[in-house]
Every structure is written in C-alpha cells, then in structure tokens.
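Asker: One structure, as structure tokens, below. Some questions next.
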Amino acid sequence: MGIRTFIEGWPVYRQLTGTDPLGRGAAAQSPRTAELTARTETADSMARSVCPYCAVGCGQRVYVKDGQVTQIEGDEDSPISRGRLCPKGAASKSLVTSPLRQTKVRYRRPYATEWEDLELDVALDMIADRVLAAREETWEDVDSEGRPLNRTLGISSLGGATLDNEENYLIKKLFTAMGALQIENQARI
Amino acid sequence: MAEAHPVGFQWVMEAKRRGAKVFHVDPRFTRTSALADTYLPIRAGTDIALLGGVVRYILENGLDFREYVLSYTNAATIISEEFVDAEEGDGLFSGFNPETGAYDQTSWQYAGQEGESGSMDTSDERDTAAGLRHESHGMPIPGQVLRDESLQHPRCVYQILKRHYARYTPEMVERVCGIPQEKFLELARAWTENSGRERTGALVYSVGWTQHSVGVQYIRTGAIIQTLLGNIGRPGGGVMALRGHASIQGSTDIPTLFNLLPGYLPMPHHAKHPTFDEWADSIHHPGQKGFWGNARAYCASLLKAYWGDAATPENDFCYGYMPRMTGDHGTYQQVLNMIDGKVKGYFLLGQNPAVGSAHGRAQRLGMANLDWLVVRDLFMIESATFWRNGPEVETGEITPEQCRTEVFFLPAASHVEKEGTFTQTQRMLQWREKAVEPPGDARSELWFFYHLGRKLREKLARSEKRRDRALLDLAWDYPTQGPLAEPSAEAVLREINGFDVATGRPLGGFTEARADGSTAVGCWIYSGVYADGVNQAARRKSRHEQNWVAGEWGWAWPSNRRTLYNRASADPDGRPWSERKKYIWWDEEKGEWTGYDVPDFEKTKPPSYRPKAGTSGPEGIAGDDPFVMQADGKAWLYAPSGVVDGPLPTHYEPAESPMRNPLYRQQANPSRKVYPDAINSVNPSPPEEQAQIFPYVFTVSRLTEHHTAGGMSRMVRPLAELQPEMFVEVSPELAAEVGLTHLGWAHLITGRAAIEAKVLVTDRLTPLRVEGRVIHQVWLPYHFGYEGLVTGDSANDLIGITLDPNVLIQESKVGTCDVRPGRRPTGRALREMVEDYQRRAFMSPDRHAPVVTPPDPGTSDAS
Amino acid sequence: MLPDPNSLAGPLDPAPEAGWSDAPPRMGFFTDTSVCIGCKACEVACKEWNDVPTSGLDLLGMSYDNTGALTANSWRHVAFVEQPRPAGHRTPPFAGNPTDGSTSPSSAAVGATTGNPVGTEPGEPTGSPEAAARMAAGPEFLGMPGTQPPGRATGPENRSDFRWLMMSDVCKHCTHAACLDVCPTGSLFRTEFGTVVVQEDICNGCGYCISACPYGVIDRRKDDGRAWKCTLCYDRIGVGKTPACAQACPTESIQYGPLEELRERAAARVATLHERGVPEARLYGHDPADGVGGDGAFFLLLDEPEVYGLPPDPVVTTRDLPKMWKKAGLAALAVAAAAVAAFVGGSS
C-alpha cells in the first residue's frame, strides 16, 4: 500500500475531504466493514434441505464453506414455510455443529463404571454377533398348534420418526427378515 | 399450534388476517391462546363431552349441511336392530365381554349384514393395534346397504347419533368440562355459522387429543362434526393432525411399528393369517367395493420387493418367511418384558425413552436388565447413560457395578449429512440433499442397517438352517457410494416406489402394481414418488411459480393429492358447492374431473355413474361417492367396525381422574389397554376409595423452545438458554392453597414417582368449576432429563401405562397427582415417599383398578 | 464545514447526512406485536447468523422471558407481558371460571429480582420490581408489588380478563443516534442504509455509547470489552438479503424494508386494528418528529411503551450537543490536522 492510499484510507482524511465532515458515516467505515458480505454469498455450495425438528416440513437452505456448514436458513421458495423457521429450525446450524455432538463410538462393558473407545467396524461386528446370538437364544419356530411363528421376541427396537423413509424401509425390511417383530417408534408415543 | 408448530401457525394468522375466527381449547393458556379470538380452558380428558355437545347442537338445531350429509355420509344407513347404545347400557355398548374387556361388534353392523363383517372378539385387534391399519382406508363391509333418505327411520345413523348425544347439553358440557355454557355456545355458533356452501371451518389437533385412553374416539368426534358440517374434502376444511417429528408420518407409512408393514398392510397374525391367501383376503374382502380392493397386488408386490428373485407365485412370494404376531408386542409390553428379563437386545434409533416415554422409571429399569443396548444418536442422551447418571442410581435401584447391560453408543449422522426423504404432516415427501459428510464415526441409519444386514448375511452364509433363509434370500444389493460406502438412498426410494421386475422400469403409481409377481413395490401408497424415473420428492418449483396448492413442490401420497377426498368439494352433480370454495369439479365438455389439485377420484368417472348391483372394487363406487377408500364410498358418522371401543364416541373419564363420570356408571373406557403389573400402579379414581390422595390434575406438553425429550434442544446452546429449567405452571389459586411461591420449588407425586420443578405462578392457569367442585390443574413441560446443558426431573416419570385400545398409544396427557411445596427427597427417601403414597392410596401390588365400574349406590361424586 | 445544528435533532434522512451520496432508501424494521407469537425465532436466528454468544442459563420467571433484556449477547429480546386486562374484542379467557385476583404483578416482581450476570456490562438486570409490576399490570397499577403471596395480589377480584403480550425488541437505529454521536473512535457509524452499526475492528470499549443510548440497548461484553448490538444484519442487507430475524419470523411480526414503505404499512395496520375493535393499537418510534427523529426500527404496541419496558418519550441524549460542538469540534479538528501533518512529515 502506498502512502497516498494509506492516508486516503484514513477516516479522518476522508472526513476532512469527503462528504461526511462529522465522520459519522461514509468516512467512518473501516476497510473491514466495507468488505463485509453475507457468508451465504461466498459459500462453496448450498443444499436444499428440510428442518429436522417437527413435522411441518419447513424448507431449509444449508450453506457450506470448506466442508463446514456455515449457515442454515429458511427456504424462501417453500410453499409450506415461505422461508420462515421457528427457534428450533433456526438453531439447526448449532444442532449439527454442536461441540457436544458425539463423533466417536463409545462402549460400556457389562458392570463397567466408565466408557471405553471402540472402533466402528469392531462395534458393528460385535453387534452383528449379539443380534445372531439373541435371535438364536429366543427363536420361536411354531406356536403350540404347529402354525409358523418365524420370530424372535428377544430383540427390540425403538425409533424412526426422526429418520428418513429410506432408512425406515431398510430397518423394517431387515428386522422382518431377521424375524424381529418388536420394532416401534415415536408414533406410538 | 403456535407453541409447538410456529411456522405452521403462519397460516392461521393468514386466515385471521382474512377474517377467520380462531378458537383455542387447552387446559392452559398458551402462545396459541394469546392469538386466538376465544380461549376455552378445559378439564384435561373431557374433549369428547365438549365435542359431543357440538354434535348435539348441530343435530338439535338442524344445522348440518344436509345435502352433503345425505349424499356423502352414512347418515341414512340403517343399523342392525340388535345394536344397543351406550346411553342405554350405562356407558357400555352392546357386545361387551367383561372377561376380555373387549367388544363383539356383530350387533354394531349395518342392518342385514350382521355376521358378515365386524369382529366377534376385538381383544386380538386391540393387542395388535389393528386400528392403525385404517390410516389409509376404512374397514371392509360387503355389498349394498339399507338407507332411509328421509333420515327419519329410528335406526338410521342420523337418529342414532341424535339420541346418543341428546344428553350432551350445554349444561352437561359445563358440568363435565368446566367450560361455562356461554363460552361453549360461542364455539358451537361460530363453528356452524362458518360451515356450509360458502364457508368451511378447519379443525387442528395434536397429541393433546391422541394421548388418551380414548384418544382415537376424540379424533372420531372431531371428524363427525366436520362431516356433519360438510368440512371434509374441501378447501379450508378438514381435520389436521399436527405431528411432532420430522418424519413421524413417514414412520407410520413405512412403519417402524410391530403391527404394520409398509402402506398399512397388517403384519401377519399367527392364527388369522397362516397363509398368503388368508392374509391378503383379510385386507380386501372378496367382493368389496372401493380402491382397497386391489390389496392382493400390494401384498404380492411388497414380498417381491423384500425377497426379489426368491419370491415367486409358486411359493406365495416367500410369505412363509414372515414373522407372526401372537398378541401385543408394543413398546410398553416390551419394556415390561425387559424388566422380566425376556428381551436380550435393544436398539434405540434417535429416540430417548428414559425421558420421552411414559413411566421413565420402568423404561430405565428395563434397560438396566438387558444383555446389550445399541444407542444411535447425535448426543449422549439419558437412555445411553442411565446406568451411571439415572435417578435410580441415586435411589440405589441401579448400581453400575451390578448392571450387566452392555452399551454401544454409535454416533448418528445429522439431517444435513445424509440424503433421503421426510414425510411431513400433510403426507408430503420432501427430499433432502446432502450438504456435508458426517463427522468421525457418525453414520446414517441407512449405512448402519445396510452394513449390519451385510454382516449378518456374511456370518450366516454357510447356514443350513431354515430360519436363516429369510435373511439369505433377502434382496439386499443396494449400490454404495463415496468414501464411507454409503448406500444409495435414491435406489431405496426407487424400490419403495416400485418397478417392473422384467424391465426395471419404475412404476407410475399403485394402479400399476400386480399380484402375479411381475412388479415389486416397497410401499404401495408411495408408488409414483419415482414415476418416470424422476425423484418427484426432490421437486422444488418455487411457490411463486405455481398455484396456491403448489402441487409441484415435493410429492404427497396418494398420487400427489394434496387434499384427500376432494371429490367432496363438488356437489353430487360435480359442480363446486360455491364459487368461493371451488376446488375440484366435473368438466362436462372434456368429460373429466379437473381443478386445482389432483382429483381424488377416477378421472373420467362422471357424477352420474351408478354401479351395477354386485360390482366390486373401484367400479363399485358411484359417481357421487367421494370417499373412495371406504367400502361404501361414504364418510362414516357411525363406524360399524374398525374402532374397537365403540361405533360412536362416548365420554369416559381418564384412567386417573378426580371426578366421577357424570354421564355413565362406567367411569373410564371399558376397553382401554391395561397392564396389571406391580411396577405400573394406577392412581385410584372415583368411585374407588382414596382417590383424594391424588387430588390434582396434571397435564404435560411442549414448549416452543424445546423438542420432545430434549435430545435436540437441551444440547443446543441457543435453545437451552431460552428455557433453562424444569418448571411447573400453577394458578394463583392453587399456589395459595398449597403454599407455593413463584420461582420456589414444588414436587409432584403420583403412584409411580415424585419429581421436582421450579414454580411459575401464572394467571395463565385457572381452576375450573366442575360438578360444583373446584378442580385445579397444573402443567409441565416434558423436555427435561439429567443430561445436556440444562437439566431437570422428567415429567414422564409421573405417568403410568394405560393405552388407547385402537392404536396402543399411552394416556400421557392427563393424570392425577399431589403437589407439595419445596424440593423432593433424595436417595432412598424418595422411593419411601412414593411408597408411602401408595400405601395411603391402597395401591398394593396386587390391586388393579376395575376395568368395568361396579354399580355404586352414591349419586354422582363418590368423594 | 461545521454541521447544521439541526441535524442532531428533528426529521431528516440520516444516510445522505452522513456523507452517503446516492444512498439507497433508508431500511428498517417494523415490528408488529399484535401478531407476535413469542416463539423467539428472531433471537435464535440472530445469534446463529451473527455468532452471538450465550446469555446465560437462568430461569428468570418473567413469564416466558429468560433472556431478560437487550444486551451485548442478545440483540433481539422477546418480552412477555401477562396482564389481567381485556384484549381487543376478544371474549374474556377466564370468564365464568372460579378465579380470584391476579398474580401477574407479584410474580413479575419476584421474577424481576432474579437476573444473574450474563457476561456483559452493564448487562441489564431484568429490571426493578417496580418496573416489572408496571409491566404486568399496566400503567395504572399502583399497589406495592411483591408484598403479598401469589393468589392474594391486589387487583380485580376476578381475573376473567387476561392477555399475554409479546414483543420482539431490538436496537432502534435512531435517526439521531446518540451512541454514534458520542463514539470517539468512529466505531459506531451510519451506514448507507441509514442504520447504526458498531465496527468490531474499531471499537476500543470506552463505553461512552452505553450511557448515551436513550433505550439502554447498547452494551459491552465483559470478555472482550467491546460494545455490541444489532447491526440490522449489515452484511446481509448489503447483498439484498433480509436480516436474519425478519427472515425467520413465522408470522411476519418482524417486517424489514424501506422505512417509508414500512411506515405506510404500519399506519394501515393500526387503522385495520382500530376497525376490528382493538383501539389500544398504537405505533411507537415511527414519528420523525419525536425525540430521536424517529426510529429505524419501530413498533406497533398494544399498550403503553412502559409496559414493554420501553421509555415513553426517548430523547437523543446529545440533543444539546451542538451548543458544545463548536469548541469540541474545532479542538478535534486541530488535533487531527496535527496528526496528519506528523504522519506525512514522518514518512517522507
């Protein structure tokens, strides 16, 4: 920066020479302020999404910069929400970027008093083993009259109303094939 | 609605701006009440008395929309002469079996059809929540019915309805609900004056209606009013359920529920559905009219989607692989089974029963008695930490060193870290694009269950066992993508939509489904969401670029119809009822139905069409029968079957009430689902002795600033700070009676638990005068638990387990309690206090509240 | 060079006055409290966009208000007022119920004493008991608050009438902004949209603005010492977007737009409400002739301003400044000129 531009950038210089003699407006604007722009404008991408809280189904626009969510706001085009959000929907960025979010698998052994770490693949494998064992232990082939039951009542599941249809479809399909009847979700609660 | 669905409430404000009158009925004055024209405080659990009063007001004054009622409802249908109304049975309809606490519905049938339909014993239907099946269609009834178009026949539905509600007078409404007569009449007048040809009225409810031991009948009563007033299938009308989770509608359509399969097909029952034919025929009765007649195609196509090449017509599409229900396998039965050690493993998928389910202590003790527990969530919720931080650790009921439950906490991907569809509260599917990859070990449920299934199949690959064939033959070959090997949600949606097996072409809609194995359809009611190979749920045509119905935003089931039964928006001749309320009408020149929405009717079936006698399926529906999913094409004011606790809604007191039922000897719903278990003690109610030990009524609901059990709000700073503590709202009158001070502490005690909360003394709560008595009600939010940025005792700990018999939802909107100033005891003393209350209320482990109320010599109030 | 003395009071268009040639129309907020549902989406949307820190986890007991006041850490604040008074033409909510007198004044008074530090300075305690009692009962309330237990409060024998007012408060972006006038660093400045914004890279935390604000809006964060307040989302409006709070507001209680247009809309809304039997509807801060030259963020209220915690007749605290200005201004100019000379001299 040359000295001339440096001085011309000075508020007091602008105040003395410009249209803002009191230095309360144009002359007082700092270079940082002058360069301010909405971060939605400089985002790398924007995803059309839907609010994850209640079932009104408000449209959301999710702005991303450098792989991070930088803003979530209402989708003005939505005929349901017309760009508006309630406090929960408006807090969606804080929800998905919360420092309290768990991002590592945690494991509690029987009778333990503390959590331990566990690799995701190992956890998945352990769960698969336990599902098969529980199923084996509690399997019911037929009822007392010999009619088919094909099931286990040794496994339960609860949840689904916060999940996607595609996810619920796979859950129901897999559990049904496993013979695990006892699936329930928030709709019953 | 402003409280729990603020953005939806913008449309109420829009209506208000255009002159609509808004009435709000709630035990407490909420943010919705603040904006309503008239607020009616009501005693929790008495809505059927209020709504029944409105039905009576309509019928006594002849204010029904007669042309609509005659043509489009079953008002003229004659009912069996064997039917005896609850008015004559002191609260019991004909067919009640005190042994099972359930009804034989034979006598409820349409005249001449006794024995042809209905259920001889509805206790099985109750255990399997069979009522849920009717989300998409009515019950089957055969053939033609007897009608009296003059509505004068004493056994026609219209006259039965009139007699049934004759005693639901404004005086009775006041006596039962605590709503002054003038207020009630203001509501009844406004409702009727704003219905008819030129105007429509809308009814909006939420779980304040459903979570009762007579919950389904609450909705039925609302539907009866809306039908009598001609407010169904018309713009600005309807009965709108505001649901509380992003895809709770989707999770019943594609159910993660024990008793249903996708598209409301029933999960097979071991005795009723031993074979594929019996299963399919139980859904569509041969010879039945209406669109449900194609059920066999939906059944076959679902099994084809599940088992792919292995499913053939010869092997009944692998129907033999299906697990079978034998009774109640619902979430509350499961929890009691956990306590008994019968359940080994438990998956929690974005749900937090330690806080969010009724009877929190039973939930936590159940989880403490598992072999293993998998918790998939964004945050470390109470249900993952009950073994170290739960209240039972403090009372000594759970000791970490002695609790064997092995816990896996698996972090979940958030809504922006995966793609897929939510189905919102108006049955609309909206596709979400993925914005970023999930952090660390976080994964979608799609990933977890796909890969879990893959591993199970790998581990069983060499199994010779017959039981493992269902897993090994499963169509489980979804393409994966990206660094995490995420299964393609779009491929799953395509399977849900359905496709032609030979060519792979996505189906255009459920009418293309076949029963011969040539089509595979994952969820028939969603068929069309991937029509033409296009993800219709991803459509985002701006509201500014289309009409107000906005049919090109997302996709609604069925067939992208935004208002169900919209044929009813036109008169029997197909003309709009009025210019103002024009929506769908018959275009004579083109010979088709047209309008702003997709017609919910066969497009070219003229209003004048009449079926030949004996015609079944869609052809059996006349051109002026708008209710095409009903077996007779009519809206049912009277339900001959499909609702297990009565063909007409009747006022019963909640399972826990301080009042004797002023209308009938029968105190509470005689067919409510009860769990006589030692842990599930129910507070006594009149005429039982000691009801006065729990003199106050409590109700729970949501705050705008929080979400459900708090897992997505108490962990989020800008929300947590807005409602930072558990509190109880009390009226100034109750505060004076009990000695509570604003911002001081109070504790509440029921037969299950005692919890503490800060006190908000507020004018927004009011005592009610009921039967000459003053009834105090308190209100609690149910969002709090022991983890997160803000913590507090859980309101759900107070609640016992008594369920609605139709859908097995718990009565969590009303209970009785005692209220005392100060903090609750801690440690062992806490249980001792609850046990002391149980002793004083004679709630011994072997005592059970009577299901059928015995005759009592007293008059109205036993206390 | 010296300003017209009139430009520190009275009506004017502030942006051109502050040296913005070709300024766009003055932009502002019209907050219509008659449709506010108290959801607090504005508070959250503001915090999300502007990365405003938490303002504490205290239950204040001021009805559903747990924010307490506008502070450096809360740039929108929704006030909740429970009153035993009729609401427009509406049917009394508790008519016919067995109620005694109102508790609102005494419980609000209790609530008003519970404010805890929120990490800002002066941080605005929630208010004095007297103010809270006035808020709850309306300006005519004269009883001593907090002296009687709830349920035994003075007031009507039977509280059949009741209303629950909600209002989302915000910086007023005054036409004559005393905060700006007294800011010695040029941190506070007038934007081309006529709004008043603190520049965080300039503010040195002197705090002069805090005592200057006639509304008690501007406030400092204790941790960084600087002053913070609503910017009317200067970064968003610069690219044609709506400020975060107005964008989120579900019921259009917060409306954003050219101030002239908003004033017309507001006048029409008041007329409609008067027609519909809400005679108490009135505007606040809309009048260019008021003590601050009119607000860039003005309100439709359903009661006296004091009820919402707003000053009834705010006056720009620098109204008398012009008298003092000549001396101070000349002195400042002399110092500034000397500074320029020193720099130019030093670098050559």
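Any Cβ shown, glycine's included, is placed from N, Cα and C.
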Asker: Name the one residue among C:Cys213, C:Cys245, C:Cys249 that TrEMBL lists for the same [4Fe-4S] cluster 2 site as C:Cys46, C:Cys230, C:Cys233.
Answerer: C:Cys245
Asker: Need the DSSP three-state call for C:Cys213 ([4Fe-4S] cluster 3 binding site) to compare against my parser.
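Answerer: Reduced to three states, the DSSP call for C:Cys213 ([4Fe-4S] cluster 3 binding site) is coil.
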Asker: Which of the binding-site residues C:Cys39, C:Cys203, C:Cys233, C:Cys245 have a Cβ lying under 8 Å from any Cβ of chain B?
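Answerer: Going by the Cβ criterion (under 8 Å to chain B), the qualifying binding-site residues are C:Cys39.
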Asker: Counting only residues 6+ away from its ends, which parts of the chain sit with a Cβ under 8 Å from the domain '4Fe-4S ferredoxin-type' (C:162-193)?
Answerer: 8-12, 14-15, 17-18, 20, 23-24, 26-29, 31, 33, 36-38, 42-43, 63, 70, 75-87, 90, 92-94, 199-200, 202-204, 206, 208-210, 212-215, 217-218, 227, 229-230, 232, 234, 237, 245, 249, 253-254, 285, 288, 292-299, 301-303, 307-310, 314, 316-319, 321
Asker: Cβ within 8 Å of the [4Fe-4S] cluster 3 site's Cβ centroid: which residues qualify beyond C:Cys171, C:Cys174, C:Cys179, C:Cys213?
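Answerer: Neighbours found: C:Lys172, C:His173, C:Ala177, C:Ala178, C:Leu180, C:Val196, C:Cys209, C:Ala212, C:Pro214, C:Tyr215, C:Val217, C:Ile218, C:Lys229.
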Asker: Can you name the binding-site residues among C:Cys183, C:Cys209, C:Cys230 whose CA is within 10 A of the CA of C:Cys171 ([4Fe-4S] cluster 3 binding site)?
Answerer: C:Cys230
Asker: Is the domain '4Fe-4S ferredoxin-type' (C:194-223) packed against any residues at least 6 beyond its ends, judged by a Cβ distance under 8 Å, and which are they?
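Answerer: Residues packing against the domain '4Fe-4S ferredoxin-type' (C:194-223) from afar: 13-15, 23, 26-28, 53, 69-73, 119-124, 170-175, 177-188, 229-232, 234, 237, 259, 291-292, 296, 310-311, 314-318.
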Asker: Averaging the per-residue pLDDT over the domain '4Fe-4S ferredoxin-type' (C:27-57), what integer do you get?
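Answerer: 97, rounded to a whole number.
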Asker: Enumerate the residues of the same chain, C:Cys46, C:Cys230, C:Cys233, C:Cys245 excluded, that satisfy the criterion Cβ within 8 A of the mean position of the Cβ atoms of the recorded [4Fe-4S] cluster 2 site; list them in sequence order.
Answerer: C:Cys42, C:Ala45, C:Trp49, C:Asn50, C:Trp75, C:Arg76, C:Val170, C:Thr231, C:Leu232, C:Pro243, C:Ala244, C:Ala246
Asker: Would you mind listing, in sequence order, any of the binding-site residues C:Cys213, C:Cys230, C:Cys245, C:Cys249 that have a CB less than 8 A from a CB of chain A?
Answerer: C:Cys249
Asker: Quick one: of C:Cys179, C:Cys206, C:Cys209, C:Cys230, C:Cys233, which binding-site residues lie within 10 angstroms of C:Cys42 ([4Fe-4S] cluster 1 binding site), measuring between C-alpha atoms? Sequence order, please.
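Answerer: Among C:Cys179, C:Cys206, C:Cys209, C:Cys230, C:Cys233, not one has a Cα sitting within 10 Å of that of C:Cys42 ([4Fe-4S] cluster 1 binding site).
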Asker: How many Å lie between the Cα of C:Cys249 ([4Fe-4S] cluster 1 binding site) and the Cα of C:Cys206 ([4Fe-4S] cluster 4 binding site)?
Answerer: 34
